[in-house]
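Written out below as structure tokens is the structure these notes cover.
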């Protein structure tokens, strides 16, 4: 049985979701998700994309970020996207379904990118949220660790990693560790994130 507290929380989220200006705008523009606008904001502030870039999108479904990236890099660019969930085809994006934290899927990623000069790895992925920080924080940090580990193998010199995390216990320590591994790293908090959201994005340059 679903608790009344959880039911009320879900109903409140649904109400906020459908009233959200970015959800409405995404529907109007036929954009796959409101996260498109987060990436647009981060890109405008940091100039992430250039025509002809090669991009890896981890945790890509439903495809908002891949959709935005494909528009920015043009026909000469390349995007490889991966998610455990299915994703409808996007022109200019190669997609395969699988868990990138799984060794078999990771090997497929590495094989597909073996001859690619990869400029950007991006991940808007989050674990299934429990609402319990002591569970959610280790899970999101583990995802971040995997993304950064993948970057060690495939990211070109001066390449960039953009990955979602949460503010909470353990993040500051993890961020300090990453400072030692990249020439530049900073935290981005898009205005397009929901006001109550703890999500932040790490932007790191090799």
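Using N, Cα and C of the backbone, Cβ positions are placed for all residues, glycine too.
Sequence-distant neighbours of residue 164 (active site, proton acceptor): residues of the same chain at least 6 apart with a C-beta under 8 Å from its C-beta are 123, 124, 125, 126, 140, 144, 199, 200, 201. A strand conformation is recorded for residue 164 (active site, proton acceptor) in the three-state DSSP classification. Under the heading active site, proton acceptor, Swiss-Prot lists 164, citing sequence analysis as support.
Secondary structure at residue 99 (S-adenosyl-L-methionine binding site), taken from DSSP and collapsed to helix, strand or coil, is coil. Annotation source Swiss-Prot lists S-adenosyl-L-methionine binding site at 63, 65, 83, 99, 124, citing sequence analysis.
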CB contacts for residue 99 (S-adenosyl-L-methionine binding site) [other CB atoms within 10 A, all chains]: 15
